[in-house]
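*Asks:* Sharing a structure, written as structure tokens. Questions coming.
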């Protein structure tokens, strides 16, 4: 019973429904993050550099900092890899029967999404400020094309929104999973029943329900000189007229 809808996934071993899977908000956000990561990687690697007419090597359009362009391409590449891994992990979630393993998977999803959200937020402002600070030499004869660099900035912003949305839904799934797994189950409810009810009395009055527990109640004695024994009445039974274990 604990595996049913544990941490946003259904019963372990359930059939995979791709139509339902690709309609999930987390999957949609990760697909968007994958696409924007590809755009960032391609835009910066192909159009984030400029070769001045008097230089041998090209310079990065983001403030002439080669490390910034390398950082942008690396972030785009790892964002694509991370989105693919998390999509596959979400697709395999229904096959995981262990609730603690599901908890660790959702927690890893939350941590990775939050890290990429912070990285893209920092990267967006960094790329924007450094592209604005790029200055062209007056004697440079080669025209500068900044369209790809600007697409890189836009894709960094959109990646921030996509990973932020994925992190939000991962956090919601983690919180809902914690609440579901910490709710008292039937055994805990049964353990809270007072001992005078457990000893000698069954729920429902017969074998229906949980069944007869202990020995039958003592019969009243009518021998001469002996006071009649009174049978203690059990408290009201919330499981009366219930079948099985009430699940």
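Each residue, glycine too, has its Cβ placed from N, Cα and C.
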*Asks:* For the record in Swiss-Prot, which of the ranges 69-89, 174-194 is the transmembrane segment one?
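*Replies:* Here Swiss-Prot associates transmembrane segment with the stretch 69-89.
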*Asks:* Going along the chain, which residues at least six beyond the ends of the transmembrane segment (69-89) come within the CB cut-off of under 8 Å?
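*Replies:* Distant contacts of the transmembrane segment (69-89): 27, 30-31, 33-34, 36-42, 44-45, 48-49, 60-62, 105, 108-109, 112-113, 116, 119-120, 123, 127, 152, 155-156, 159, 163, 166.
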*Asks:* Under 8 Å between C-beta atoms and at least six residues away from its ends: which parts of the chain pack against the transmembrane segment (151-171)?
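*Replies:* That would be 25-26, 29-30, 32-33, 36-37, 39-40, 43-44, 47-48, 72, 76, 79, 86, 106, 109-110, 113-114, 116-117, 120-121, 123-124, 127-128, 131.
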